[in-house]
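Structure record follows, encoded as structure tokens.
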């Protein structure tokens with residue numbers, strides 16, 4: 001008989017909001033009372049830091065900006081972060097995993113976020129960035145700054161999630177207020193952090209611990225996540241399908257993902273066949289050449305509901321490992337066999353193909369992260 005496992009979680013997770021956009025996103029998370037993480041706000045703007053609800057703040061570049069901000073100049077933002085590398089290092093030390101939230105295109109977020117990531121990686125910390133890209137109406141110059149910032153940031157993070165603000169406009173409609181639109185963007189950032197944090201902080205029958213998260217999230221490249229909640233007899237299949245069809249995953253060829261992290265959250269009525277159903281649904285898109293980590297966690301408040309969270313990482317990277325299925329407990333062999341036998345055609349790679357990758361003429365269908373969409377709850381608001 002399965003018994004709930006008491007979770008001993010020593011992993012330290014820190015969330016760093018860089019610049020105005022990142023600071024707003026972290027402040028939003030603080031107000032939503034996300035558990036199991038420490039929050040920091042980093043900015044060149046002293047006034048913004050005085051007003052924030054984030055408990056721990058770091059002012060950077062006071063000798064350069066005199067506390068007045070970076071003036072929409074990423075070079076100033078970078079120099080400001082360089083000036084206070086020691087303060088950033090002190091804040092990051094002791095963390096096992098760091099989320100960096102920033103809005104790309106401005107001065108501080110664009111210039112300083114890559115420096116924060118660089119410091120984190122120098123400390124050996126698993127580093128994930130969740131950033132927004134500017135609206136098209138903000139101009140080509142700001143968009144160019146954003147693209148440059150994302151390129152630089154990608155050099156220093158393990159996984160990178162980008163959310164184009166224009167997707168908010170398309171999904172929520174032109175009648176949405178500016179405050180509500182940016183609030184929705186903050187919800188996207190919050191969902192990414194909360195979804196991964198809960199994977200390793202909630203106890204369950206099959207825990208996804210920090211080592212599992214590191215295995216998947218360290219597959220360097222672009223990352224996407226989706227989640228689904230359903231109830232009733234077919235709740236497992238419905239929740240899994242919602243997770244993998246979430247707009248965050250839409251328009252992306254997930255067969256190129258090098259890592260897939262799956263967490264099933266339900267009450268004490270979770271059945272073994274429901275675990276298998278989720279596994280069978282995930283296998284329909286998982287590549288042959290991926291690390292798949294599956295876990296379950298228990299939430300007595302879920303009642304009849306079941307939630308599936310899927311994180312796909314390493315998208316767009318060339319080197320891919322042989323498939324590995326990682327769980328904390330043994331899965332029935334038929335399920336294991338099906339994971340190893342099924343997979344979508346891999347992307348064409350400019351390298352020697354690994355075993356099982358024999359389709360050298362397959363068209364490259366993966367799209368750039370610009371095409372990331374908005375989570376299902378936002379799409380439903382527009383319906």
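Glycine too: its Cβ is placed from the backbone N, Cα and C atoms.
Going by what Swiss-Prot states, the GTP site holds 20, 21, 22, 23, 24, 107, 108, 109, 138, 142, and the candidate of 186, 263 recorded there is 186. Record note: of 174, 379, Swiss-Prot gives the feature (Microbial infection) ADP-ribosylarginine to 174, with no matching annotation on the rest. According to Swiss-Prot, of the candidate residues 31, 338, the site noted as (Microbial infection) ADP-ribosylarginine is 338.
Proximity of residue 20 (GTP binding site) to non-local residues of its own chain (separation of 6 or more, Cβ distance below 8 Å) is seen for 43, 45, 48, 103, 106, 108, 109, given in sequence order. In this view, residue 108 (GTP binding site) is surrounded by 34 other Cβ atoms within 10 Å of its Cβ, with every protein chain counted. Taken residue by residue with DSSP, residue 174 ((Microbial infection) ADP-ribosylarginine) is part of neither helix nor strand, so it is coil. Cβ environment of residue 138 (GTP binding site): 105 lie under 8 Å away, each six or more residues apart in the same chain. Distance between Cα atoms for residue 174 ((Microbial infection) ADP-ribosylarginine) and residue 186 (GTP binding site): 18 Å, as a whole number. Around residue 24 (GTP binding site), taking its Cβ as the centre, 22 other Cβ atoms fall within 10 Å, counting all chains.
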